[in-house]
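As C-alpha cells, the structure follows; a few thoughts come after it.
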Amino acid sequence: MTERKNLTTNQGTPVGDNQNSMTAGLKGPTLLEDYVLIEKLAHFDRERVPERVVHARGAGAHGKFVTKKSMKKYTIANFLQEEGTETEVFARFSTVIHGQHSPETLRDPRGFSVKFYTEEGNYDFVGNNLPVFFIRDAIKFPDVIHSLKPDPRTNIQDGNRYWDFFSLSPEATTMIMYLFSDEGTPASYREIRGSSVHAFKWINEEGKTVYVKLRWVPKAGIVNLSTEQAAQIQAKEFNHASRDLYEAIENGDYPEWDLYVQVLDPKDLDSFDFNPLDATKDWFEDVFPYEHVGTMTLNRNPDNIFAETESVGFNPGVLVRGMLPSEDRLLQGRLFSYSDTQRHRVGPNYLQLPINSPKAPVANNQRDGYMPFKQQTSSINYEPNSYETEPKENPAFIEQEQEIRGDISGRLIAEKPNNFGHAKEVWDRYSDAERAALVKNIVDDWSGVRDDIKIRNLRNFYQIEPEFANRVADGTGINLEEHVADLK
C-alpha cells in the first residue's frame, strides 16, 4: 500500500482542509488568520514573471552535444578539442514577436538557442532559424521590435507599422526575402535550421584568430508550411510545434541537428563587396563551406516548464575560452541587452537557478541580492587577497589581444552596406515555386497597408530584382513603372 503523502504549506506543515476557508462561524466573514488561504493566494498572485520582450512563446528540451570533429585548429574551446566529447545542453525554440500564448503558426522568425554546460563554464548559442536579421546596428533594435509589436494604442499588430519601418530601412530586404518565404511558417521546431546570424571569433592555441558563423541542420530535414496550411492548423491547434516536440521526445523519437562551422580568415575580411560582419548579410555555403563540428540530440523533456523553459536565460556574450564576439554592431548591443533583460525578468541571481547554473564550479565575490539560494560562504569576499585558499585570477584565461580596425570614434555609417545585393542572391537561388510563394505571401500581407508604404517597398524590391518588384506590384494592382523611372 502506498504511504499517504500529506498536502503541506510552503513551511512544510500538513494541511487538514484545502476545500474551505476559515470563517467566523458558518455565516461569518473569512478570517485573516487563515495562514493556508493567505499563503496560497499570495503565492498565486506572484506566480508569473514578466514575459520576454521577444521570444516569449517557446518550447525547450534537454539533451547532449557530441563533438564529431576536433576544432583544435580553430579554437581552444575545451568541449571542441576531442572527437567523442559529450556536453550536456538545453535547447529552447521560440517565436519572436508575439506573446507567450500566441499561435505557433504565425509568420515570424524562430529563435534557436542552446546552452552548453561545458567543463570550463557555460556557452550560449543564441540564434534564429533565418540566417540574417532586419537591422545591422543595435541602436535600431528597439525600433524594429516596436514596429512589429502591436500598436500601443489599439494593441493590434498593424502591417502599416512594420512595412513602414522596412521601407525606410533598406538593410531589411534580405530578411524580408527569408521571412516572407514559407520558411517564415515552419512546420515544427524539429524541422527548422539554426544560424548564429552573427560572426564570432575563434582563437586557437597559437593565438590565431578566425571569424566563424555556426549553422544547425536538422536531420529530419527542413519542412515549412504554406500560408494556407498554417491557417488550417491554427484553426484547430495553437500549440502544434510545442506539442510535436514534446510528443516526439516522449515517444523516443529524439530530434537531432548537425552543427557546422563556416570559417573566414581575417585577412580576407575586405575581399567582398559587403561587410561579412554585418548581421543583414548571409554567408552562403558555396562561398563559405560548411565544416561538420558535431551533433545535438534532444532526449528529455523539462520536468517544469516555468522553472526550465521559461526561466532559462541566454546571452550571445556567454562564451568560453577560445571564443570572442566579433565587431558586428548588432551583436555588440545584444551582449549587454540579453543578460540585462534576464536580471529584470527573473532577478539578479538568475544564474543560480538550476537551468542557468553552470556545471563548472563558481568561485567569486558576487554575493547577496534577491534570492541568493546558492550563497558562497567564505568570509573573504574581495580580491586581491593574501589567502591561499581563496580564488585567484588565472592569467592563462586572459582573452587574446585583438586588432582594432579603424581610427575614428563616432557615429559612423556602416561601410559596404550593399542593401540589395544579398537579397538578389536569395532571389536567384530560389526555385520558381519559392519565388511564387514569396510574392504571394507579401501580397497577402499587404492587405490593408497604405499605398505610399507599398510603393516605397516596391522601390526597394525593384533595386533587388525588377521581376520581383513587378510581380508584387501586379499582385497589388499598382502601376510600378511610374514609381521607379528614376531607378532605371
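Glycine is no exception: its Cβ is also placed from the backbone N, Cα and C atoms.
Predicted, not measured: the structure shown is a model, and the values here were computed from it.
These features come from Swiss-Prot:
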- HIS55: active site (ACT_SITE)
- ASN128: active site (ACT_SITE)
- TYR338: heme binding site (BINDING)
- 7-23: compositional bias 'Polar residues' (COMPBIAS)
- 1-24: region 'Disordered' (REGION)
Proximal but sequence-remote residues of the same chain as HIS55 (active site) (Cβ under 8 Å, at least 6 apart): ARG92, SER94, THR95, VAL96, GLY111, SER113
Residue, out of the recorded positions ASN128, TYR338, whose Cβ gathers the largest set of other Cβ atoms within 10 Å: ASN128
Tally of residues which DSSP labels helix, strand or coil - the region 'Disordered' (1-24): 0 helix, 3 strand, 21 coil
Euclidean distance between Cα atoms of the residue listed as 'heme binding site' and ASN128 (active site), Å: 15
Three-state secondary structure, ASN128 (active site) (per DSSP): strand
